[in-house]
Amino acid sequence: MQHNFVATPEGTALAYGSLVFMALLPIFFGALRSVNCGKSKNSSDMPETITGRDAARFPIIASCTLFGLYLFFKIFSQEYINLLLSMYFFVLGILALSHTMSPFMNRIFPANIPIKQYQLLFTQGSGETKEEIVNYEFDTKDMICLVISTVVGVWYILKKHWIANNLFGLAFALNGVELLHLNNVSTGCILLGGLFVYDVFWVFGTNVMVTVAKSFEAPIKLVFPQDLFEKGLGANQFAMLGLGDIVIPGIFIALLLRFDVSLKKNTRTYFYTSFLAYIFGLGMTIWVMHTFKHAQPALLYLVPACIGFPVVVALLKGELTEMFSYFQVSPDVRSGSNPGSGWATQEHSETCTKATPVLSWLCA
């Protein structure tokens, strides 16, 4: 989070309240969608499993990415770098927003309009050596989502408006929580613990994080104007929250929801506990930032809350061992199970994951 200027109490309250509300949306709905994630026929909709090895090396990779961006902004023209990044995130944003909208489109799409099926298939080689590179199945509803998302993308490219930025940011965050799966609670603790140190070091130890956050013109943060009452939709003094502060705790909260489901007790105790812990941690971040008028590493407050609260509840319920023995198997290594199942404790299996570079961008 970054504090930019002294605003009116009303403007400040509206900005921070809106950021908290926007942060909760992708965590809540992304976690719910993560339970049924993996039923799609499209490989792009399958979850990526984060293993213990990925979690341990991620803070190093994220630090290299962050410092690399810092050097780029110092050496090269900020304008050209942001132009390249804008085009990159333009494409990713359209796909993320389209995927986010898809379930809603399925519910509101008129029944009397015919739905046509399409398939985009790109292969390499021939015969027995033929390998699928891209296999994407979509229909008329998906095409409509893509068109709407493209309109938002063009709006973002041309105007860099904060509403367009937030639409893309929310889509990235929701997709991250839904599609990036921690394989167990221990992995989650390693990831959150490592990023706790990463966040504190780069915010308090150097000016790198704040410099990159101010220079980086890409929808990897949620923003809300503190001068909305004075300037309306043209406001330009923003409070901000990085997507990493949403997605990192969010994937841990989603894991606890899947653990709740695995218990088959028809309760969501750990999910709601961690969700309330996130609200508490984010509230603490805002309070400290507003009191001391200095940028704060949100994970400094979010990580202890999101890990500590559920662990205390598990201790009180006598389910701590069960929580840490719960293991989620990656969809591509499940055998003899129905899609969407496989939430039981099973032997550890390392999987090749693309999650690390994705999280690196979000934490930059």
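Using the three backbone atoms N, Cα and C, a Cβ is placed for every residue, glycine included.
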Feature transmembrane segment in TrEMBL, mapped to one of the ranges 145-163, 164-182 | 164-182
What else in the chain is close to the transmembrane segment (79-97), if you only count residues 6 or more beyond its ends and a Cβ gap under 8 Å?
-> 44, 72-73, 145-146, 148-150, 152-153, 156-157, 167-168, 171-172, 174-175, 215-220
Note: vs the transmembrane segment (233-257), the recorded stretch with the largest number of Cβ pairs under 8 Å from 55-73, 164-182, 189-213, 269-292, 298-316 is 164-182
State the residues, same chain only, that lie 6 or more residues beyond the ends of the transmembrane segment (298-316) and have a CB under 8 A from a CB inside it; answer 'none' if no residue qualifies.
-> 1, 188-189, 192-193, 195-196, 198-200, 241-242, 244-245, 248-249, 252-253, 256, 269-270, 273-274, 276-278, 280-282, 284-285, 288, 322-323
Excluding the flanking five residues on each side, which residues at least 6 beyond the ends of the transmembrane segment (13-35) place their CB within less than 8 Å of a CB in that stretch?
-> 1, 7, 47, 103, 166, 170, 173-179, 181, 222, 224-226, 228-229, 238-241, 245-247, 249-250, 253-254, 257-258, 261, 271, 275, 278-279, 282-283, 286, 290, 340
